[in-house]
Amino acid sequence: MNELSFFAADATAGLVEGLNPQQREAVEYRGPALLIVAGAGSGKTRVLTHRIAHLLATKDAWPSQILAITFTNKAAAEMRERVRYLLGEAADGMWLKTFHSACVMILRRESGRLGHDSNFTIYDSGDSRAILKRLIKELGADIHKLTPAGVGAAISNAKNELADAESYARNVDQNDPVARMISEIFSRYQYELRKNNAFDFDDLIGETVHLFRAFPEVLAQYQQKFKHILVDEYQDTNHAQYALIRELAKTASLTVVGDSDQSIYAFRGADIRNITEFEKDFPGAKTILLEQNYRSTQNILSAANAVISNNFDRPAKNLWTAAGDGDKIVGYTGYSSHDEAQFIADEINKLHSKSQGDDAIAFRDIAVFYRTNSQTRALEDIFIRSGIPYRVVGGTKFYERQEIKDAMAYLVAIANTRDDLATRRILNVPKRGIGDASETQIASYAEKNNLSVRQVLSHVSDLGFGPKITGAINQFAELMDNLEAMIPNENVDVILRAVLDRTGLLESLRNSKDPQDEARVENLEELVSVAREFQRNNPEGRLPDFLNEVALVAAADELDDESGTVSLMTLHTAKGLEYEAVFLTGIEEGLLPHRMSFITPGGMAEERRLFYVGITRARKKLHLSLAMTRTTFGESESATPSRYLQEIPSDLIDWRESGSGRGMPTTRYRASIADDQGYGSSEGSSGGYGGTPSTKEKKVWSGAISSVRNNEGLQLEVGDMIEHSDFGKGKVIATAGEGARQTAEIHFGSVGTKRLLVKVAPISKL
DNA sequence: GGGATAAGGCTTTTT
DNA sequence: GCCTTATCCC
């Protein structure tokens, strides 16, 4: 149906054509507050885009008066595209952004009031961790067993609750030395951010709220601007985001869309009460339920409903579909994660094969989900071997690669000269003879004289370095000045090119013997294309704009709909997406639910929602798989099926036989977990399968699957001949210790004599 | 200053 | 099993 033609006939009728009554009401309703409870697959994106288009078509709002918040940049771009299609023209001036990018926009304009320059840097978690690591070391906080990740989480949680370092300190038990240490680190961390002219992810939201509260005239400006505010995935907003919306929506009409059953970001501060208590929060709010699912077959929905109904304390809700039952869900239990992966690869090949005729599913319509990123290893191994084209979405991200971070650090350092973190990162990259000692000296001079590291570079004569180092520093300072001078006039890709060429970054990689460096060169070329692409899309964009965009890319943003590859991603990344065929992997106790959730209040319910999100991503084919043994830490441990599996009515699942002839969790196993709803009480319960594979079978598998370097059991004696993967043949001349701790002194001829830990050394006995 | 090697630590999920 | 750090040596 061509919605455009309806629009031509009547400005608004076409916008509700083909919608069900609830959807239609959600599009047409006008009032101060509207909550759209949108079950999985109930067409909420459609409703949201049609509502925006409807607001514009009825002249209830100008584009510039609309603020719509989505979870990812990709969702925002998609929504803009769809609104444009519906209206037949671009709705320019509309703010269609993520929370973070909307806040960046505001902060860039108003940063002066907060003591920042408008060219501030956005620190990602890696940057934060680097600062925290240094502070922990400086303060000797490691004696309290404080880790950068741990302190970072504490600070992040505080910021999500809108606490700053001072208020955090006030609320801390002063008799608790650990708590006092954390609040000290918090305060110094915040000082570092300010000094470097930087915000971390949480600050983007929190500081915007603080800005609005400290400067009512600024808030008033934005309140006047936005007449309609729409927020997607409202169940995953945290307190800071809630407060932001609350401030802005005081004078505007607010629409929120969400589903409390899909709230999966509690660990990031998401507060499910934001949505469950919306009606209390905004008296007179209208609530509309979307319960008809247009995505999945009945079997898939029934499984999803059955699972989620085990969460108590949730508003009753039942998704239904007019589509038929469809195929049964396929279950599979493998010996090992590699066996599981092999099953998935085989199934994917079947689904994709031409023998399926018109039902053949394209690779891009197939997705594999998992709980933790480390699960990709086995999947990738097997997919490569099976020749299945795949793409890992998220995970070790492009921008987290060392060479990319180095190149980006140059760009950041010239865009924001106050950013010492960036400047210090590249001071000696590539190697130019400014080592650790010199760097520390420069940094402490900066600290003493209240200068940025960059400024110190031009005081080099005061530092008393020898001529060699002085020369290197001067050269570096001049290079940075020249690059910086390019910013106002040159395109981003040109500046990046100059960074790569003039700093010697590319050259040092090209001359390197490390084979990995070849890939790094390619990655840097890829970065240049990214910059070029950015410049094409944003002809007016300057370097700081590019840095913004790059800092805020989300995992799901990388998805390329056109690619002919299977997508691999975490369950968290999968939120909001849908596929013809879905594989849910590692449905085991300890993985889903994850063992960390056993000790987290509400963890079991949140993990169940995660499972629910995964199930509801599937349109036609759903596969649930697990492994009997899983390798963590290189140790192979036996795994038990997830308690969530037995929440699915057994007639919905067709358990395929595994290699052992035992495909499904047995009755005995089921009985053992049947009444287990507590937190973690099943850990250690041995239930297991009708019988775990024999030791022999296990050995065969672990041998077949891995290139594990583990010489356990290998005992060496003086006089033995061995071969080492790097040093070649050698002769044992002495040994010490026993078992796993045995060491051996081995003479390798011309290479010399080495002392090695027998268990882990890459050696074999001849 | 810089490279190589071995010991130690660690994994939940992300903007 | 993989990544970061500590230590040794050139």
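In case you wondered, yes, glycine gets a Cβ from its N, Cα and C as well.
TrEMBL annotations: computationally assigned, not manually curated.
Straight from TrEMBL, the features:
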type	residues	note
BINDING	A:A38, A:G39, A:A40, A:G41, A:S42, A:G43, A:K44, A:T45	ATP binding site
DOMAIN	A:17-297	domain 'UvrD-like helicase ATP-binding'
DOMAIN	A:298-576	domain 'UvrD-like helicase C-terminal'
REGION	A:672-696	region 'Disordered'
- Query: What average pLDDT is reported by the model for the domain 'UvrD-like helicase ATP-binding' (A:17-297)?
  - Reply: 91
- Message: At a 10 Å cut-off from the C-beta of A:A40 (ATP binding site), count the other C-beta atoms across all protein chains.
- Response: 25
- Among the binding-site residues A:S42, A:T45, which residue has the largest number of other Cβ atoms within 10 Å of its own Cβ? A:S42
- Query: Non-local Cβ contacts of A:G43 (ATP binding site) (under 8 Å, 6 or more apart, same chain)?
  - Reply: A:L19, A:Q23, A:L290, A:Q292, A:Y294
- Would you please pick out, from the binding-site residues A:A38, A:G39, A:K44, the one with the fewest other Cβ atoms within 10 Å of its Cβ? A:K44
- Where does A:A38 (ATP binding site) sit in DSSP terms: helix, strand, or coil? strand
- Note on the structure: Around the Cβ of A:G41 (ATP binding site), other Cβ atoms within 10 Å, all chains included, total 22
- Task: Note the Cβ centroid of A:A38, A:G39, A:A40, A:G41, A:S42, A:G43, A:K44, A:T45, the recorded ATP site, then list each other residue of that chain whose Cβ lies within 8 Å of it, in sequence.
- Result: A:V47, A:D259, A:L290, A:N293, A:Y294, A:R295
